[in-house]
Amino acid sequence: MSRSSILRTVGWLWFLASLVVLVIGFREAIFLVPTDAAQGDAGRIFYYHVPSSMLSLIFPYINFLASLAYLYWRRRDPLKALTSDALALAAAEVTVVYASICLITGSIWGRATWGIWWTWDPRLTSMLLLWLLYVSYLMLRRFSSSGQSQTLAAVLSVFAAVDVPIVYMSIRWWRTQHPAPVFGGGPDSGIDPSMMPAFVWNIIAWAMWGIFILGFRFALERRRQIAEQDAALSAIEASLEPAQ
């Protein structure tokens, strides 16, 4: 069995396992967890908002490390640089997905709880900035006509990574409208034990799904890079044929 066949099989198994865990998480969050006494059914958004928020602060560092690797290898080893660049692009796309889910679910919860869709709270504002930075990263990669778009995007990812700890610490530095941290926010932080199974299942489910998207997009980008290299090599060989 070839390496590509093994990876394809592992990918399909991971995909199916992710779907199963997502279904379990959905069942736990929607049907099994008791309705929150204060928030009602709007409180069930918690099981999607918090995991997406946490993961939107993890995948940027995959993008950050892969971008640093690209900047390091681009003049030393082009193959490693391309591999790093493919991983950076995939991680940026996953970051945008989870940051979008975080912002959307947060807005829905805010409308149900506060009566407004949006407020310029430090946490919301810093998360929106993170989303804008990574959307800009993807737009730069997609639409820039510069031959240095990969390098410019890698530099942008370094600045984007600076916003991640600001997002994380914002509800600790500035106590405004956003709820206090669920974990690590003091003696009153934490969740009721009855909420823990649904929370854990959804953390695992969305992490597995994010890893699947990351691997899938990485594989597609590497395939595109290889096809582009093969096409360039074929063009060079074709241009040399008349001279032989």
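Using the three backbone atoms N, Cα and C, a Cβ is placed for every residue, glycine included.
As recorded in TrEMBL:
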- 12-33: transmembrane segment (TRANSMEM)
- 13-175: domain 'Cytochrome c assembly protein' (DOMAIN)
- 53-73: transmembrane segment (TRANSMEM)
- 85-110: transmembrane segment (TRANSMEM)
- 122-140: transmembrane segment (TRANSMEM)
- 152-171: transmembrane segment (TRANSMEM)
- 199-220: transmembrane segment (TRANSMEM)
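Within its own chain, the transmembrane segment (199-220) has Cβ neighbours under 8 Å at 7, 11, 14-15, 17-18, 21-22, 24-25, 28-29, 46-48, 50-52, 54-55, 59, 62, 86-87, 89-91, 93-94, 97-98, 191, counting only residues six or more beyond its boundaries. Only residues 6 or more beyond the boundaries of the transmembrane segment (152-171), in the same chain, are considered here, and those with a CB under 8 A from a CB of the stretch are 57, 60-61, 63-64, 67-68, 70-71, 85, 88, 92, 122-123, 126-127, 129-130, 133-134, 136-137, 140-141, 144, 146, 178-181, 185.
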